[in-house]
Amino acid sequence: MRFSVFGVRFGESGVRFSRTGASKIWAIAPSIGVTVLFLLGLYALDRLLADVHFRDVMARLREVPKPVLGLAALSTAASYLALVGYDWSALRYLGKKLPLAIVGFTSFIGFALGNTLGIGALSGAAVRYRLYSRLGLDGGDIAIVSTFCAVGFGFGIAVVGSAAVIVHPHALAAILSLPPFVVRLFGILVLGGALGLLLYRSRTHGRFKVGKWSFQLPTTAILTGQLGFSILDIGFAGMTLYLLLPQSDLPLLTFMALFSFAAVAGVASHIPGGIGVFEGVLLTALQFYMPSDAVAAALFAYRILYYLGPFLLALGLLALSEISVHAAARYPKIQGLTTIIKPVAGVVQQSVPIAAAGVSFISGLLLLIGGSVPASKNTLETLETVFPLAFVELSHLTGSILGVVMIVLAPALLRRVGAALWVVISIVAAGAFLSLAQNLDFDRFGLMALVAVALLSCKGAFYRRARVFSQSLSLPWLLLSIAALFGLVWVLFFSFKTIPYSNQLWWEFAFNQQAPRGLRAAVAAVSAFLVLYVVFALRPPKVRSQSPDESALKKAKDIVRKQNNADANLALIGDKMLVFSPSEESFLMYGTHGRSWVAFGEPVGNPDDGPDLIWSFKKLADANNGRVAFYQVGEENLVWYIDAGFTLHKLGEEARVPLKDFSLQGAHRRDLRQSHNRALREELTFELLPPSPSEAMLGEIAAISDAWLESKNTREKGFSLGRFSIDYIRHFPLAIVREKGKLTAFANVFTTETVSMASVDLMRHLPNISPATMDFLFVELLLALKDQGYREFNLGMAPLAGLASHPQARMWDRFGAFVYRHAGHFYNFNGLRRFKQKFAPEWRPKYLATPGGIDPLVVAVDIAALISGGLVGALKR
């Protein structure tokens, strides 16, 4: 008997790891490791709080004076204000200038969302990528901003923590079981290293080299400024918690040392928000200074003030901004509103799905936990007079099930699925009323109601017409959901630890029997999760990949002729696989080489199917252990790829010629006019033939194609370029040029029935023809298409044009810029751009989209092999 789990093969001969299985295990190891750390953190908390009861924590929480809560809230605000300095310093380092208000808005949204649920697509880096990509920064710039912010935090926490332990080494000595002088010495070394970096930068040009790696350090002014922002951020964050702790003889500097150590441990664990680890360190350290129940209450209040509060404020700001955007669009006469809103509109559109996913997850947790914590005696007495027992029991079961549904649906909101939004809004509204039936929780009722209103105001951002369960749960989300259920069980047992377990508990129904009610709600939650996971796992695939047989090509041809993108005709070559949408109104074309699954261009057909096709293709590649990429995507729908977690790398710029005003008149057309006149003097003539030319004509152009290939010492290409075949050429109109009656050049023309855009594919000619031939062919073709009503003509891409080459640019851009400047001997990139520039086109960027963490150069090698028919062909012209 033999079987395989996650690529691990079991059989009579023992256990073996397949190559793809081993890579999958390495890919999932970090997520599993973080989950294990979280569970260990729960175990540690359980041991540390063994003598602490839930009612004691709640009593301590109620004892916190309101003025203290107000000061802690102000300290939180000051910390988040200092966090804006991280992004501002990073942009100064990049040399990017953005309005301070936009930077502040973006920074706050990024930190508020990323800090609360910093996992996968909700991590700080992912949030920043979505926001800054709409403000003109490319993937490399955003990676630098995210890295700068992370290093800035590490730099600041090192300085604050080391300074604190130098003054009070005993703070960490007890935790680390080290002599105080060793702790102080370590602090001196860390602080000395940080200050030494500043000194090194002030005395050098800032180029820092470690082995073969080198990078440009920020200027002394930026480093010093960032250090100041970091100290303020960490200082105010620590002050927030310090204010919430009860009065004791704990010195502030000692606390800051402990706080810094706990923050570093939380970040190092990679658990979202460091939850469990951060609390465990501080409970261990502060038990020598104050009661553990007081520390637990302070930590609970800290989580609400420093994490949940800014998160909800960010959600509110996004909702207000979304409402303002729609108001500005509907009422353009409102003075100044459009001017104010326009700069943030793109940021808002990118932030909404992240916030919605986060609030869905948190609201689900609130519904789960709401049925697992005991209500006070007075609340139970009031509850008994308002609701019947059966209704209260049902509300706990229903709340737990709906909470699980909200957690599971959070990724669908991240993917902008409209149906998921309406389901979540309905559950949030129902959850508001369930919170009253569970324990008369008017605070949770008000919070849920506000969340429902905020989500409703952002409905325009959820445009995908997909099924609610249109995608399977990714491993990080699956593990996050499992961790939430473990957290629910821990809260349940912590809340009712004084009640001994017995089987009889399951069958006890009474208003004062809250532990049995919580047990049943927990079982309902776990059961609901298992059912939903089975629904995800056993759902049939939404799209299917189809070989390019005659039936598939006919279906693709019908779709191509009804849409605007003329280059979609490349699907008819037959060398690419096709993925059709469930509606069969759209498709993607793709090829594979090695582990790369590369889609050419964007989804073709109904634009409503586009985002779903991207996600489905990504899932298809993932299921086959492939690395997915999209080659030559335009700027119009970049948000689709950003939403799907792709990083964008500029390939070059595409030339589009508007045909409405195209002519040979004017000084800027002088070169074309002179070339055209020369062609006429040399008796060149042009003709645009309809599809399906005569056999004699096909024979002539086949001879021209063979002669062109021989003269160029090359062979047929593919994938993103057409290859000559009689069956392929029959599909398209032919542009031909004759010289003194002899056919010398041709091009097949891509068109669609929408008469929106046209382009050419194969352009071939005989050797030793008139130098004016190709200019003449294009001029006559553009004039003929203009007369037929076409709006624009696509001259194709100028590869590697417009890439950044400054010292902070990422390797992809610098490599591309280098090739563009120095590889002209082989490929004449600059000459190609100059030829197209004669037609005065509008240049539009084209991108390669790859998942974050995938080296685009690796994918580029496979794309070259796809185009050239293999790696050997890629090395030849």
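From the backbone N, Cα and C atoms, a Cβ is placed for every residue, glycine too.
On a predicted model such as this, the values are computed, not experimentally measured, just so you know.
Which of 250-268, 858-876 counts as transmembrane segment depends on TrEMBL, and there it is 250-268. Looking at 25-45, 298-318, the stretch flagged in TrEMBL as transmembrane segment turns out to be 25-45.
The stretch that TrEMBL tags with transmembrane segment, taken from the ranges 98-122, 273-297, is 98-122.
Two recorded stretches are said to be in contact when at least 3 C-beta pairs lie under 8 angstroms, sequence spacing 6 or more; the transmembrane segment (352-374) and the transmembrane segment (445-463) meet this definition. Long-range contacts of the transmembrane segment (394-414) within its own chain (CB-CB distance under 8 A, at least 6 residues past either end) are made by residues 121-122, 353-354, 356-358, 360-361, 363-368, 370-371, 387, 420-421, 423-424, 427-428, 430-431, 434-435, 437-438, 462, 466, 468-471, 473-474, 477, 480-481, 484-485, 517-518, 520-522, 524-525, 528-529, 532-533, 536, 643. Residues 28, 31-32, 34-35, 38-39, 42, 45-46, 49, 53-54, 119-120, 272, 361, 364-365, 368-369, 372-374, 404, 407-408, 410-411, 505, 514-515, 518-519, 522, 525-526, 529, 533 of the same chain lie 6+ residues outside the transmembrane segment (475-499) yet bring a C-beta within less than 8 angstroms of a C-beta in it.
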